[in-house]
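The block underneath contains the structure these notes are about, expressed in structure tokens.
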């Protein structure tokens with residue numbers, strides 16, 4: 001696999017002119033790289049001056065609205081994959097009819113199916129009344145239930161929830177999670193409300209969603225997002241199970257990200273950040289990509305910067321630190337800190353819990369200037385959308401941008417990064433760890449049993465029986481006078497013998513999902529000569545998978 005990736009990537013670095021004059025050599029190179037009998041590629045291809053990336057979308061406005069931004073990325077991927085989708089249709093239709101069918105389904109995929117806008121009153125603790133605004137967007141129901149988080153923010157808007165819902169559709173498709181995309185937002189600043197008021201808002205919002213059919217284990221399953229967590233998810237589950245879902249045995253599957261006592265799953269809190277780590281790991285250990293960037297594989301000598309020290313930023317920082325990378329700067333909305341010798345994530349977490357801010361952390365200095373432009377190897381924007389724009393993209397010094405947040409890079413900035421040979425690991429792949437583990441939690445709730453409970457003891461006993469069998473076989477063959485030949489397992493194997501916990505199973509499933517999806521993205525990038533344009537490769541994969549569902553299910557009532 002590594003040789004194939006490395007050699008085929010040489011072609012993706014070729015400029016458009018070189019590719020145009022060597023179309024016959026393209027197939028030869030890919031076949032040769034796979035080990036198939038074919039003529040070796042011409043050396044000139046490997047020496048092309050510039051990489052090639054998708055030019056399917058013309059220049060757009062510098063900072064488009066969020067939903068149009070996602071639509072632009074979708075259009076880029078759709079224009080590249082359209083011919084293949086037409087070619088793969090096995091019908092008796094003419095070429096024109098096939099193309100019309102493909103374009104029709106692509107038009108079905110693109111827009112948001114449903115958007116619910118809500119307003120409801122609450123009485124605050126001081127006796128005053130306030131009207132709360134909220135939204136829930138369901139982008140696609142090609143798979144049900146729909147899946148997407150609920151965020152509490154004063155920046156919530158219809159455009160934002162539509163954009164985030166569409167990203168969820170493509171995100172689920174990229175990592176093969178069988179959900180449609182959705183997103184919700186409540187337009188409040190949670191810091192301005194008491195816990196009692198937040199509970200009122202959350203429970204009332206749940207009831208409004210339920211009345212309109214926008215929540216349910218098989219309909220629409222929310223999850224935590226910005227400024228929400230286990231507590232809010234527990235309120236949602238309890239509200240649904242106590243009212244509209246009181247006859248439904250699967251009622252607690254109406255939401256994920258719950259506390260363990262309410263049907264949650266071990267490993268969900270850190271899932272998105274752990275997914276970010278695994279996503280970076282898959283690309284940073286790929287020698288062919290690192291050679292393009294002029295870097296060595298592995299985390300050992302790498303520095304990184306995190307923008308946003310929330311759930312995603314903290315856990316991303318924690319895992320990268322654990323595997324040898326050094327965090328030299330952390331930024332939040334109220335300021336940034338910097339230490340070239342490294343910042344310990346546990347110490348910074350404890351300091352923030354105690355003081356409410358990272359500013360004043362004794363083992364780092366205040367950082368003047370934009371944290372996004374700090375000198376580092378890996379930049380992790382884990383805050384909010386549209387942080388990297390046309391104006392600051394030329395000054396970004398990182399070689400790898402790992403999108404922990406949703407939509408942190410605008411199309412114009414994305415184009416600049418590609419021209420500057422900077423690798424952007426896209427959001428729809430990189431932060432899919434959360435929805436992946438949410439899927440595991442949803443399955444756990446439907447099965448009504450935790451992972452491994454039925455097999456823990458059986459597997460542990462089987463391992464011990466295997467060791468005893470090996471020991472007895474050795475003693476019969478080599479033992480003298482009935483002497484024993486003890487079999488001593490290593491510490492790592494001893495941990496395995498003791499049986500995998502639910503967290504071990506979740507972590508293993510997440511790592512496998514991220515690795516498999518990364519390989520799919522790499523293969524697609526090579527197939528379409530996209531070079532470092534991993535975002536378009538991810539969108540191509542997502543579009544192909546969603547298209548296949550619509551095409552094979554058939555389009556009803558048209």
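We count from 1, first residue shown onward.
Quick reminder: no glycine exception, Cβ is built from N, Cα and C everywhere.
Per Swiss-Prot, the features are:
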- 141, 142, 143, 176, 252, 444: NAD(+) binding site (BINDING)
- 147, 171, 438: substrate binding site (BINDING)
- 266, 270, 319, 322: GTP binding site (BINDING)
- 450, 516: ADP binding site (BINDING)
- 147: N6-(2-hydroxyisobutyryl)lysine (MOD_RES)
- 200: N6-succinyllysine (MOD_RES)
- 227: phosphoserine (MOD_RES)
- 352: N6-succinyllysine (MOD_RES)
- 365: N6-acetyllysine (MOD_RES)
- 384: phosphoserine (MOD_RES)
- 415: N6-succinyllysine (MOD_RES)
- 415: N6-acetyllysine (MOD_RES)
- 457: N6-succinyllysine (MOD_RES)
- 477: N6-acetyllysine (MOD_RES)
- 503: N6-malonyllysine (MOD_RES)
- 512: phosphotyrosine (MOD_RES)
- 1-53: transit peptide (TRANSIT)
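Note on residue 450 (ADP binding site): other Cβ atoms within 10 Å of its Cβ, all shown chains, come to 16.
Distance between Cα atoms for residue 141 (NAD(+) binding site) and residue 512 (phosphotyrosine): 26 Å, as a whole number. Considering only the residues assigned to NAD(+) binding, 141, 142, 143, 176, 252, 444, the longest pairwise Cα distance works out to 23 Å.
In sequence order, 172, 178, 179, 180, 549 make up the list of same-chain residues 6 or more apart from residue 143 (NAD(+) binding site) whose Cβ falls under 8 Å from its Cβ.
Considering only the recorded positions 200, 266, 319, 384, the residue whose Cα is spatially closest to the Cα of residue 444 (NAD(+) binding site) is 266. When secondary structure is read from DSSP and collapsed to three states, residue 512 (phosphotyrosine) falls in the helix class. Taking the Cα atom of each, residue 266 (GTP binding site) and residue 450 (ADP binding site) are about 10 angstrom apart. With all protein chains in the displayed structure included, the most crowded Cβ environment within 10 Å among the binding-site residues 142, 266 is that of 142. Between residue 319 (GTP binding site) and residue 200 (N6-succinyllysine), the C-alpha separation comes to 36 Å.
According to DSSP, residue 266 (GTP binding site) sits in a coil region rather than a helix or strand. Summary: among the recorded positions (270, 384), the fewest other C-beta atoms within 10 A of the C-beta are counted at 384.
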